[in-house]
Amino acid sequence: MLVTISGPPGSGKSTVASTLADHLSYEHISGGDIFRGLAEDRDLTLAEFNELAEEDPQIDKDLDRRLRETARGRDDIVLESRLAGWMAGEYADIKIWLDAPMSVRARRIAEREDKTPAAARAETEAREESETQRYEEYYAIDFDDITIYDLSVNTARWGPDAVTDIVLDAVDAYQAERDEGPTPIENVRYQF
């Protein structure tokens, strides 16, 4: 089974995906870890690398191609990134969307990255705007359209363990033979 976990920064994607993968004994593949690793390889901050990605479309496209190829060729994985649901597309068995209000996400990011909530919020808003524009430009993806997801969870309402339990319940209840087919993802340009 291929499960995707998507959502904006600070929504709890990595936490839930890691715990879910452990529970299922699946491999956890994180697009964010790959992206951060590429930034570190160049001795750039995440903000600096994101700016570079704005100028060099191939950075995003290489990462997204890897996600799509992973989804096409692998099983028993939890694939986690902002675009995991979109890139996995028809190959995903279950696509999960996690979200929380910006104030909650900014606080989480501030705690994780040892910065003020105001700084985290400003950086996150700029990053989201930049990435949303790039997704539209490169792939014709409307990032605000969450209808491609099978389950959406507001992670501000429950703690990480409870969110993981909600997702596990959905995964456990999934029966491929009763599935009416993959959620159609139309008009996306998978050109890398």
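Glycine residues also receive a Cβ, built from the backbone N, Cα and C atoms like all the rest.
Annotated ATP binding site per Swiss-Prot: Gly7, Pro8, Pro9, Gly10, Ser11, Gly12, Lys13, Ser14, Thr15, in sequence order. All protein chains shown were included, and the count of other CB atoms within 10 Å of the CB of Ser11 (ATP binding site) stands at 24.
Within 8 Å of the Cβ centroid of the ATP site, not counting the listed residues Gly7, Pro8, Pro9, Gly10, Ser11, Gly12, Lys13, Ser14, Thr15, the chain contributes Val16, Leu98, Ala100, Arg105, Arg108, Thr155. Each of the binding-site residues Gly7, Pro9 was scored by the number of other CB atoms within 10 Å of its CB, and the largest score is that of Gly7. Within 10 Å of its Cβ, the residue among the binding-site residues Lys13, Thr15 with the fewest other Cβ atoms is Thr15.
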